[in-house]
Every structure is written in C-alpha cells, then in structure tokens.
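What TrEMBL records for this protein is below:
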| type | residues | note |
| --- | --- | --- |
| BINDING | 269-273, 310-317, 408-410 | FAD binding site |
| COMPBIAS | 529-541 | compositional bias 'Basic and acidic residues' |
| DOMAIN | 16-154 | domain 'Photolyase/cryptochrome alpha/beta' |
| REGION | 529-550 | region 'Disordered' |
| SITE | Trp341 | site 'Electron transfer via tryptophanyl radical' |
| SITE | Trp395 | site 'Electron transfer via tryptophanyl radical' |
| SITE | Trp418 | site 'Electron transfer via tryptophanyl radical' |
Amino acid sequence: MTPSHSLLNSNMPSGSASLIWFRKGLRIHDNPALEYASRASAFVYPLFVIDPHYMEPDPKAFSPGSTRAGISRIRFLLESLADLDLSLKKLGSRLLVLKGEPSEVLIRCLKEWDVKKICFEYDTDPYYQALDNKIKNYASLAGIEVFSPVSHTLFNPADIIEKNGGRPPLSYQSFLKLAGEPSWASSPLLVELSSVPPVGDVASFEISQVPTLKELGYVQNDQQEELTPFRGGESEALRRLRESLSDKEWVANFEKPKGDPSAYIKPATTVLSPYLKFGCLSSRYFYQCLKDVYKNVKRHTSPPVSLVGQLLWREFFYTVAFGTPNFDKMNGNKICKQIPWNDDDELLAAWREARTGYPWIDAIMVQLREWGWMHHLARHCVACFLTRGDLFLHWEKGRDVFERLLIDSDWAINNGNWLWLSCSSFFYQYNRIYSPTSFGKKYDPHGDYIRHFLPILKDMPKEYIYEPWTAPLSVQNKAKCIIGRDYPKPVVSHDSASKECRRKMGEAYALNKKLNGVVSEDDVKSLRRRLDEDGGQEARGRRQRQKLIS
C-alpha cells in the first residue's frame, strides 16, 4: 500500500477539526503530517495511542519490559513523548494520550471529535501497514480526508521498487543507481512551526498525560536507569546532531566500518540511530545538514562509508524489506539462504545472558542489556558468534533478542543486518569470522571495555583479560575471579567450533546452489540430520577434550 493523500472532503468548513496520529515521527521539525493537519483547521487533536501490542508489561519475558520491547526502549519512547508534549505546549497545543487497540481508538476519535482530516506519517512496517489500511478504509467510507506523507525515509520504497521493474534492488550499489538524489533535497524543509491550532473538545474521552514506567505497570530498576546514557526526545536528538556537526572534519572523514567498538565513554559514532528510529530526528533534515557540511569542506568520504552513506544503507534495507515477502523469516524468504541452524536453548541463553565465557562477547551483551545500544562492529561480533562463527544458532533467535533490547531496534534494519551477518543474504563470505578473542584486543589491548561491563574481571591482568581460562590458578586467585566459579568457562572452543561452522555453511551453500535456491523445509531437515551424523562423533570427542582441559 503506497502513501496516500485522498482528498475526500475538499470543501472543509473553517471550524473543522484535524487529527494528527503520532507513531514514529515524534518531532516538530520536518513533520509534513503535523504541518498539514495544522493548515486551515480550527482545531487539531495531536494523538498518541499506548498500544498493548507493544507496551503491555510481560512478566514472563527474559528481561524487564513488554512482550516485544525491553524497558530501555519503552523508557526512551516515553521520554520522547514527554519532550514532544512540551514542544506542542509551547505551540499552544498538547499531546493527547489514549490507551487501546489503535484502530479501534482512532475510529472512535474520528467519530466523536467530528474529524474532517486525519494525518499520519507513512510507515512501511507490516504491522502499521495493516493498521493504516483499516483507518484508510474507515476514513474513505466516512468521507474523511487522509494525508499520509513519506517523511520517515529519504525515498518512498515503492518508487524505487517500481523503477526496478517491481523488484527490490538486492545490492547497495544497484540501490544507489536507482535512487539518485531525493526529489525534495534541493528544497528547504519546514523545520519550525510558529503555532498549532488548539485542541478541541475531547468529549467523553479520559485523556491522560504521558505515563511513567510505573504508571504502565513496570518495575523500576534504578541500577539500569543509571547505566542508560541515552535520553529520548527531539530536543536531545537536535542537541546530539549539533554536537556531531560542529566537528566538520570528523563528519567529512567519517568512514564506516572504521571506528572503535570498545569506546564507551565517548562512542565512536553519532548515536543518532535511536532518534532516527523513533523519528525524533528527521532523516531528511539530517541528510540536508550533512550535505551542507560537505559543501564547505575540501574533501569528504562517499557512500557506502560516509555518514550520508549510512543514511542510504537505512534506505536500502527499508526498500528490500518492503519489497520482500517474509523478509523477517528464513522460511518462505526468497532472498534468504536456507541453512540447517542448530536449536540449543542452553547455548542461546548463555549468549543472551552474557555467559559464553568469552569476555569480549559477554561485555557486548551486557552493554546491550544495560544501555540498549552498542557500536555496529560490536553488533557484528556477537551476531557472527551466535550464528556462523561459533554457536551455529538461528539468526532469527538473535534477531529477537536485538529486537527486544535495542533502543534503536528497527524492523527493516534489524532483520537486514541479521540476514547479512549470518551470511543468509547480501553477504556470502562465510569463511570470514570475527575472533571472539583477538578482534576486541586490536582496539582495546588493556581490556578497559571488558572491565567496565564485566567488573568481575576488573583485576584480571591484561595478558589474560580476553582469555581468562588460560590464566594460571594463582593469577585467578589474585584477580578474585576463579574461572568456572566466578566467571564461566567458554561454552565452545572457538577454533574447533568455527571450523565446524564453516563445514556446515559450506554444505548448506552447496545444497542451495544445487537446488537453485528452491530449498524445502524437508531438504533443510535432511541436511541437518546428515551434518549431525557427520559431526556427532567429532563433537562428542571435542566436548570430552574440553572437559579434560578445564
């Protein structure tokens, strides 16, 4: 379903009411839906719906939060809503918060408030596509104008797919050729509003303020609160943007994938991803700001490694995700290699709970749990370790953990990156594996990052900090950290596990090639049985050796 502007009631009376439905796009600057809702309207109802689908507390989940989101992301969202409310109040309005199934709440609002136009930012996520269709269908029957502009992304993914003959481009370079320059890029964006029409009569609705975590039923974790350094909201997004842009040389020379994944006091990136995810920062405004910097420097990096290149990676994943059925699954996903991943809940829990026995991996997973963010190279390391590098577990399981815990979790980008890092799609050099011991050492030989996030290892000498199981018992005693008691032994031997992963990936790739990518679930099961039989004896011997070593 493409974005729409259906003018079904063009002769609106001057006393008419508009509704702006906030989901993402939690900002005032470059918000065409808000700007259009404000135009020629006597009243504007700015609405956010607390959706139980995302926000209902789930005590059974593996971390504090709802079924789908960890508490760090929910807190970030609430902070963003509170900031939006303050901004709207300065413009003579306020944010109205209701709770319930969004389409039911919206339809009731449209009826009771006598709304003549509803405005909301276009969203490509499957969940919102289905919701939006319900609202559009109701509005069409009720003669209500719908305005749903593309402003969360630089391009409309549907336009790119149409240019490519109805298929999404499957490489970054082909995407760039098709996309070109955004059509709006040479025009100034509306970054300020002088006022918003007042809120009309809310009738029988019980409108709430932006709730606190406690009011939503979440148990506060004071320790975690101190450890989460990123605060939500448009004000913080624009402050961070100004701070990043003030160092023009850094902006001009930014080159991904370079950067230090162990830098935590001052991260080696902009940390604007959560603000882009919630639309606290307009990607279009960010793009224009970067282009302005580039105009005033002698030299600058280019896509795919530049900062503009990072925004275009985001667009690439949005486009492929929008045009690929079952993009978030292995089964039924035409662009995904069918691989017989292992199913081991104990190993998955060890990875998720930072108990792999590899300090570099575990420290990253602690940062994820506490901060809801980590550097992109750190994400690469733990994703490779879980899938094709060491544990050979399904990328969907890792995706679910990231989806829950990341404050910048984004449906298209998260799934796209897991497809990439597991060598299931986009990237196929499965022999290139991140070492869980030597990769981090390149950036942080002293192990400061590990000492910060795994304080149990804070007194371990730097010679052993990445492989503490190799430390003599006298050293472990002195460091007050006995391996196997205070900190776990490695769950696998990296050398033998990575060798086994390469063997399995090679067999899986051969099967996908032989069957021209048309691999059934039975084919995958059959290959898994064969690989298990071939590797069973060797694995048993390896476990026995591991026990003897430890």
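Glycine is treated like the rest: Cβ placed from N, Cα and C.
TrEMBL annotations: computationally assigned, not manually curated.
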Just give the helix, strand and coil counts over the domain 'Photolyase/cryptochrome alpha/beta' (16-154), going by DSSP.
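Looking at the domain 'Photolyase/cryptochrome alpha/beta' (16-154) with DSSP, the answer is 59 helix, 31 strand, 49 coil.
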Which residues does Phe317 (FAD binding site) neighbour through Cβ under 8 Å, counting only same-chain ones at least six apart?
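Non-local contacts for Phe317 (FAD binding site): Ala412, Ile413, Asn415, Gly416, Asn417.
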Taking only the recorded sites Trp341, Trp395, Trp418, which one has a CA atom nearest to the CA atom of Ser273 (FAD binding site)?
Trp418
Taking the Cα of Val271 (FAD binding site) as the centre, which of the recorded sites listed as Trp341, Trp395, Trp418 lie within 10 Å of it?
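Of everything listed, nothing lies within 10 Å of Val271 (FAD binding site) (Cα to Cα).
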Return only the integer: C-alpha distance in Å from Thr269 (FAD binding site) to Trp395 (site 'Electron transfer via tryptophanyl radical').
25
Using Cβ-Cβ distances, find the residues under 8 Å from Ser409 (FAD binding site) that belong to the same chain and are at least 6 apart in sequence, listing them in sequence order.
Ala69, Arg73, Lys277, Phe402, Glu403
Give me the long-range Cβ neighbours of Trp418 (site 'Electron transfer via tryptophanyl radical'): same chain, 6+ apart, Cβ under 8 Å, in sequence order.
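Ala383, Thr387, Trp395, Glu396, Gly398, Arg399, Phe402, Ser424 - these are the non-local Cβ neighbours of Trp418 (site 'Electron transfer via tryptophanyl radical'), listed in sequence order.
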Just how many other Cβ atoms lie inside 10 Å of the Cβ on Glu315 (FAD binding site)?
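Its Cβ has 22 other Cβ atoms within 10 Å.
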Whole-number Å only: compute the distance from the Cα of Glu315 (FAD binding site) to the Cα of Trp341 (site 'Electron transfer via tryptophanyl radical').
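Cα-Cα, rounded: 29 Å.
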Using a Cβ-Cβ cut-off under 8 angstroms and a sequence gap of six or more, which residues of the chain neighbour Trp341 (site 'Electron transfer via tryptophanyl radical')?
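Thr387, Phe392, Leu393, His394, Trp395 - these are the non-local Cβ neighbours of Trp341 (site 'Electron transfer via tryptophanyl radical'), listed in sequence order.
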Cβ distance under 8 Å to Leu311 (FAD binding site), same chain, sequence separation 6 or more: which residues?
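Expected: Leu154, Ser283, Phe286, Tyr287, Leu290.
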